[in-house]
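Novice: Okay, here's the structure, questions in a sec.
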Amino acid sequence: MASSLAAQLSQIAANSTNQLNLKAQRISHSQSLIFDRKVAGSQDFDTIYDICNEGFQELCELDPRFAQFERTIFSEQSKVQERTEMNAAQNKELDAVLETFLALVGGKLLLSPAVKAVEWLVRRFRIHEYNTEFTILTFLPYHTTPLFLNLLSILPEDLTPTFKILNPYKKSSVNPPRHPLVHSATTNKPFFAALNRYTIQVSKEQAGHHALLTFWAGIVTESVAGMLDSARSGRRNIEKENHDDIIMRVLPVLNDGLAMKDVAELVIGCYMVCVAIAQKASLHDKVLDSLMEAVAESWTEETVNSGLVCLAVLAQKKPDTTLPKRVFKAILRLENPLQQLSETSKQHRASQLLLGLVAGCVQDLSKQKDTARLDFLSLMFESELLGEAELGSGMAIVLRASSNSHKDGAMSLDAQTHLADLVQHFSRSESLRPIFQKTVAESSFDIVAIEQNLQTVIESAPAPKALEDIEMEDAEKEEEQDNFAPALKSLTGSSFKGSYLSTQSIPVYDNLVRAFALGIGAQEKLDAFANLPALDKGNAAKSPQYLSFFVRVFSGSYPIGTRVAALNMVSSFLTTASIDMDLQALLPFVLVTLADPSERVRREAAGILTIIGSLHKNKKGDAPGGVWARDTIYGQDKQPKNIQWTPGRDLQKVFERALLPGLEEYVIDPDHIGRVLEATLRGSSVSDSESSELKKAVRLSFFTCLCSHAVHVPLYAPKLGLLKLLNRVEKAGGTTRTKELGSLLKSWREMDGQQAKDVCEKERVPVSEMESQIVLTVTPKERDAITVLLSNVSPYSGSLSPSFVGAIFGRMKDVWAKVPEDRQALAAENLFEISLEQSDSPLVDGCKDVLRSVELPGAVLSQFLQKIPSTVTDMEGLGPAPKRRRTSQSNMVAMTVKDEAALSELMEKMTFILELVDSSSPETHPELADGLFQTLAALHHFKSQVQSGMSYLLSLALGSLLAIVNRSKTIGKPQFDTSVIRADLVVDCVRTTDSPQVQNAALLLVAGLSVIAPELVLHSVMPIFTFMGSSVLKKDDDYSVSVIDQTIDQVVPALIQSLRNQKRDVVSGTSELLLSFTAAFEHIPSHRRLRLFHALITKLGTQDFLFAVLSMLANRYSMDKDVLILMTGLVSDANAPVELATYSKYLGLVSDSLKAKPGISQVLLGIGSDDGREPQKVAVDLLRALAYLFRHSSLKSKMAKAFAIVEGDEPQQIRALFSQILEQTLAIGDNMQDMKSVGQASGEVLSALFGTLSLVDFLDTIEVLLQRPNDELRRKVLRLLEGRLRQNPERDSPSQTRMLDFLSVLVKIVESSPDILLKHAAVACIDRIADKYGKKDPSKVIPAARVVASEVCIGQEDDRIRIMGVLCLASMAEVLGQAMIPALPDTLSRSLALLGLSLEDGKENTRLHDAVYSLFSALFVHLPYMISASHLDKVLVLSYKSAMNDEFEEESRQEALRLMAKKVDASATFGAVDRNWQHAVQAGPEATKETLEVVSMAIEKHPKSSTAKNLPVITNILFKAFDLRREQLALGSDATFDLSDVDEIEETINEVTIKMIYKLNDSTFRPIFTKLLEWATTGVSKKDTQGSLARHTTFYKFLQVFFGTLQSIVTGYASYIIENVVSVLSKASPSNPNTKSLWLATMRLLKNAFEHDQDEFWQSPSHLTKIATPLISQLAHATHPTTATLVINEAIPAITELAVAADSTDNHKELNTVLMRYLRPSAGPTGKAAGGENPHTRLAALKTEQSLTEQLGEEWLALLPEMLPYISELMEDEDENVEKEVRKWVKQIEDVLGEKLDDMLT
């Protein structure tokens, strides 16, 4: 009860927001997104509000939707709102506002204002605590940013399981990567649901943003895929259940997401999830259909492409090809479904989707009200959308639907015709025919039924099946519905008077055609049909009804079977009837039918042609009955004069000579009739057959007859067929088709677009094809063909069809080239005038398009160009008054435009003209150059008037000129009059425009002109380079690069040649050019700089110009790294003599710049000019850049290669130039000694210059320079040598020999020079030489060593030379080894003296101190045997002194002492330590520790034999060290060691002793141990209790380590100490400060001794009995909390280990008996004290029992019976802590035994 209440109270406290808990409030207030905790904690809400409100106001400017929060969470009132004071309803209302704000601000969290605004929500409303889920999800899309890390740091520690994934990242303060989030969404249902819930909510609020929606889509898609993968099972039913569960969780999210069409990214994300589900799970067909419908209904223009891909994936998973109707209709409603499906199929396999569309198109054929679906179906097959396999499947679907169409009722004639055409397309197409044949062959389609249903013939179908198969099929056929009889009956009462060709819309005709189509295939039905009153067959010879009906059918767009049947009906009638009339009215329709694609149709038409021909042959002239239907063929309203009829005799000639000879070819080839008519009407024969040409009159009569029919026939299907035939003939019998068919063009023009579309659609004639044939009636033979065509669209009428206008202009383009040039000029002028009309009509656009598309003559282009200057002149009146322009400050006053429309018109006119010129291959019209330059001048003039750049116009004019100039360059001479060239205008284009295109074109033009007419260009060229430097060179596109290259290649050589011709200095003459390029350096893209400058220098001449470019770059950019790299690249391409000559000129320029009256440097570097820099600074920059070039160029390798070549004078040139450069450098240094910066820079050059020499050459040069009297130069030279040696100098044999020989020069300097700095430099060089080359010949180094060790070097008073000398000796010791011995005496004596000097009080010298120790380190390593005992003593004593001084670094000293311990003979080391131990102790703890480390290292690094040999001295040292505690305590207040120092040193001593023990055997060590025991126990007088206590403490601390380290090996040694330990236990106490350390050491040594007993030592009663009672009695020391803690921590582990070691029930009983005494305050009824009087003692005893129970378990609990009474008593103990602990013990016992103690305790 009590504990439960306590838990509840603690939970309430944890969740409490007590306002009096100020610390908690401060912590909460300091949690911030943007401020450090300390800063945040110091801010008040006014300050925070001001900062955050500023961000909020900026947000409002970005998005006005934030303004609503200004009245709520960002109001002034919000500063005093405290959530803890608000009730639940208010908090809920606040949460809603906060979540709305967070949703809106989520997309802007990477912006600073948004973070500031959210900071207010954190600080004031603590959203991270109260709205944790919404806050985390708002920030989660940015989980990789520092902002999210800031949020993690302030989130509560107890995150809900939803976000448990964030806990490890919160603790380690790192951003969570994406993978764990995906894993969490996959495995953590609450997280998955929360993410979806948040995304849908935010999207509904129209606050969805890219970061969230892409994050959500990616995470959810991957997690759903992961869920489905992990749900897989070997048992299908279980896997299905698992998948269904997942899908049921996801589908509501998809429904909500797909419903929000306007949130495009959310919808696309839902598509991704749908795809994942489809690919990972096996879905029911209904589920797939539902998903597909949801997708199709959700897409918008923005998401449709993704939606189609999703549909394609879903469709692939369907078992069949059917699509839901909604999906099918949605796809058909798309703006351009075929293109979109094509894009979809590129992204994903879409075969099932496409076949589903095919199936949808042919579904319910009888119910389709229009042909939209079938039109779409045809387009699908024509668009190559389907692959080969899908094509076969699609064809099979179409054929199956066609085969079964009769079962669902008759389909419409249009549908029948559509399908028939499609099937014919399958059989006729080259690409589709093989697939179609294969499909038909592999399937069991009823071909006969298909042909019957479609009224067509499948020409490429395989042979019919065997007779018996057909019979079987027939037997199985269902009884079909007979639709013919009702249709016939409905027509019985109908009648029609007139021709069925008279008009398009005849109601009875449509009914007749349907009935006729139903009757095909049964002769009796056709006979019945033919006798209908509406056909009036009885009067067929006189009235037109009968024949005109069938003519209209066979010449219309009907199925092949229907048309063939109609032809048969006509043929049958003509064969059986007695006709005495001229049937030429049928001829145009028969001729059209002979061009039909179907062979069956052509065959029947050929038959009719034969019949008509034979009738005419029999007549031998005009028919007695006249021409059949002469007045009624096209209706009563058509006057006979409108139709031109051919006389019978002439027609007979046409039949005999032209038409009938080719009957067989007509059937075979549908194009043959066209060729026959073309040849006949032109007056030539088709072949060399017997047919002869017709006379002109006959041809004219026949041609006009056909043309009149084409014009007047009201039906457009035959009209189109006739036009296709007639448009092959341009001219016949003296007339043209333009003349004969012109009225057709006019009548079509008068028809508006919709009307034209309607009339064509009625007969299924393509409008575009009809318009194309109509405009083809205008031939180029017509002189004014362009004018005729233009007259049909100009003036423009809004009723004109855009496609007709397009066809007219298309025809213009086709005939243009065949029109005479004078007519082209006239037409071009007309078209141009119309093009400039201010209208957006198709007429204007068409005229422009024609002019742009056709090839305009040069004269026309010139005429156009002349319009520009004249028009600009006319515009002068629009500008400001001339006086205003003259007095204007800039001379460019903006125009005061009176008529802006006129200005716009002018600009458009100029643009159009220049575009025409540009697109007309101006290079082929060089005569345009004059006009173009005039245009350029006009444009410049006009540009200054209107203050407009007119970049596009300029680029057009320049581009055309450039094309002309480039052609002239190719040919080699100008193709135009060069006097018209205006170079100033071209240069002006470069200078005054900001357009890169204009600049590039102008530069290329200048380059081209400089080749063909240099004398006219070069005087204007320099401003170009000035401008290039500031503008053009910075461009980085490939074209601009090419322009710059060409300009340099072509202009620069011409410029240089011009300067030379004028005998001017080329360098100074081109300084402006060079300055332009150097000034442009920083603007030039980095990767192009080197190539550009290299090209420039190459064209200018490397020998003459490289130094100038280098100096100008160095002057302008100083030590800019990029510039230096460029300069290095430029010199690397030159050979060694050129490079050196360049440097010599460069140094000459430096010298010139420092003169009182500079020369060329004034021109190149601006020295002495008003805006020039100080000469001194210029010189420094140039010299430092030169030093860089020497160091980083390839000059050294070039010189080496040159010297390797013996022949030629190049080596001599190099030596001469090098000497010259050296002299120039030294001269600058000598002359400028008063200018320190110049002197230093010249020194750098000298150093770098020497770096280019080989080592041998370098030394030769140095040796000469060292003979000069200038000490500064000599020091500089030696420093250069040292620097060279510090790098990686040459190691070849000549170099080594020369370097060692050079030592004598250096030794001489050390011996003789009074200049300490020079000596220092010489010793530094000796040091380097000895280090690098000394081992090759040590004998040459010995003299140097002696000199360095002598008085003249380290014996000097100057510390610099001393330090350098000592370091040099250290290097020599390493290199020379024993060869160093001759110099050793001086070295040792002087170095020890120097070490002593460095340690003198007040004169400490750390550098000298470290140098000496470096020397001794080297000596200890290489010459340890030469260090005497006295030297070792001095080293140790001085080291102790060094250790006492904190100013010295200990590293060098300790390293030397370690090396002494390792390398010097062990006996010498131990002896020195023994002799100087007292000095070490006097020096203090640091020295003592270092001394012990020397002993430790010596023992460790030397062999066992050495330790055994030196055992007496080692033991002596250790005994001295062990006695340190006693000695220091004896000194009292004079002690130099703190107790902590003593403890630390004793730890070291113990480690050293253990190391020593490892190197000894038992027989060797045991005497030492007994001696140590005696030393500790009896070594001091009994009166000296303090001394005895100190030695015991030290000894016992050693024993603690001894038993703990050596463990079971030394357990037996405990027998030596038992008695003494018992004695100590009786005296020592943890409560006594003097004995506490001893007591602790005793407890710990006993624990270690017990713990590692493996020899049953402590099981022995003799050992156990002695120690048990004294040890357990230590529990009695637990009398108050402090001692109780010590006893529990130290004594109990020892007692426990003893019990473990005792390992027997008897021993345990003995221990427990003693132990239980301390569990009772008295021994029973006697009332005698038992030992447990103090509750702390009883508690300690209880803790012991607990420890023993835990360690020994049931072994110890075997003693439980005797413990039970004690337990019962203790459970009633008066001390609460005792009672608490005994209950713990009882619980522990019960856990071990597995049963309750309640019964035992009652």
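A Cβ is built for glycine as well, from the same backbone N, Cα and C atoms used for every other residue.
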Novice: Looking at 946-966, 1093-1113, 1177-1197, 1681-1701, I want to know which stretch Swiss-Prot calls transmembrane segment.
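Specialist: The listed stretch tagged transmembrane segment in Swiss-Prot is 946-966.
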Novice: Looking only at the repeat 'HEAT 5' (1758-1795), how are its residues distributed among DSSP helix, strand and coil?
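Specialist: Helix (H, G, I), strand (E, B), coil: 30 helix, 0 strand, 8 coil.
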Novice: With a Cβ cut-off under 8 Å, give me the same-chain residues at least six positions beyond the ends of the repeat 'HEAT 4' (1297-1335) that come close to it.
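Specialist: For the repeat 'HEAT 4' (1297-1335), the sequence-distant neighbours (Cβ-Cβ under 8 Å, at least 6 residues beyond its ends) are 1255-1256, 1259, 1263, 1266, 1271, 1274-1275, 1278-1279, 1281-1282, 1285-1286, 1289, 1341, 1343-1345, 1347-1348, 1352-1353, 1356, 1358, 1360-1361, 1364-1365, 1367-1368, 1371-1372, 1374-1376.
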Novice: Across the repeat 'HEAT 4' (1297-1335), what is the average pLDDT of the model, as a whole number?
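Specialist: It averages 87.
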Novice: Give residue numbers and ranges for long-range contacts of the repeat 'HEAT 3' (1253-1290): same chain, 6 or more residues beyond its ends, CB-CB under 8 A.
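Specialist: For the repeat 'HEAT 3' (1253-1290), the nonlocal Cβ contacts are 1196, 1199-1200, 1222, 1226, 1229-1230, 1243, 1246-1247, 1298-1299, 1302, 1305-1306, 1309, 1315, 1317-1318, 1321-1322, 1324-1325, 1328-1329, 1332.
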Novice: Could you give me three numbers for the repeat 'HEAT 1' (581-618), the DSSP helix, strand and coil residue counts?
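Specialist: The composition, in the requested order, is 30 helix, 1 strand, 7 coil.
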Novice: What are the helix, strand and coil residue counts for the repeat 'HEAT 4' (1297-1335) according to DSSP?
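Specialist: Each residue of the repeat 'HEAT 4' (1297-1335) counted once, the result is 35 helix, 0 strand, 4 coil.
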